[in-house]
Amino acid sequence: MASRLRESSSPWAWVVGLVLATTLPMTASFILVRLGLNHWYQATQPQSETPTVNRPQADVIPAGTPMRVSAPQGLLVRAQPSPDSPVVGTAAPQQTIERLTLSPDQQWEQVRLPAQQVVGWVKAGNLQSAATVPSPQTQPNLWVTAQDGLILRREPSTNAPMVTGLAYAQELILVAHNPEQTWAQVQIPATQTTGWVKSEYTRSTPPTEREGRQVQVNSPTGLILRQSPNGQPLVTLGEREQLLVLNTSPDGQWLKVSVLRTQQEGWVNIRYTQPL
């Protein structure tokens, strides 16, 4: 028994025992510390975020929805969704138009002007629901001072297409001026028709109906004298029948006249008259 004890306690046994006793615990501790550090490092690193892709929002407004112009100066309606595209019409402030669709870049809205049957594009963000009641705004008025009437044009140029004719003393709503102040963009209140007129033939106070202003019938088939604008017929007037102008309808399309030959009074369509 003693011999075995002496053999087991040889120097080599002690060396091996010492190595095992010192290295194994340190190795295990190193591994545990390494695992803990790795866990801490991963926990403190910011989580990578998935890039956000900005996708165009779907156009949720149905085609043909009535919308009201919210731009204070009105809108130019262009042929294509581009600021360089030709102007095909204008929309006045608070005018109700139909919205059709949204451009792919969401910068333009396609609209239809019902009164003019014009389809074009306006800058996005200038329309609001027609159901929204706009806050009351006082807009300046203008009156036509050209005694022979005035032409309403699509653009501020004498070469621009004619929209309609305006009568002397007809009331208009001022929308804007061109930079030189030589043209005024106006709206006819009764029809919401917009266009441009020469500023020099308008003023901000209503003129009195010019005494003695006369027109004559300018229609080969004659002209109907009516009880009221587009009202019941009274008599048919022959071509070149001379009339004295007494008043103008709010939309500027009808004249109240007195037939010089008979002194009969009534209303005639201004389109079929011409100044004497």
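Note that Cβ sites are derived from N, Cα and C of the backbone, with glycine treated the same way.
TrEMBL has this to say about the protein:
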- 105-127: domain 'GW' (DOMAIN)
- 148-201: domain 'SH3b' (DOMAIN)
- 248-271: domain 'GW' (DOMAIN)
- 12-33: transmembrane segment (TRANSMEM)
PLDDT averaged over the residues of the domain 'GW' (248-271): 85
For the domain 'GW' (105-127), the number of residues DSSP places in helix, strand and coil: 0 helix, 13 strand, 10 coil
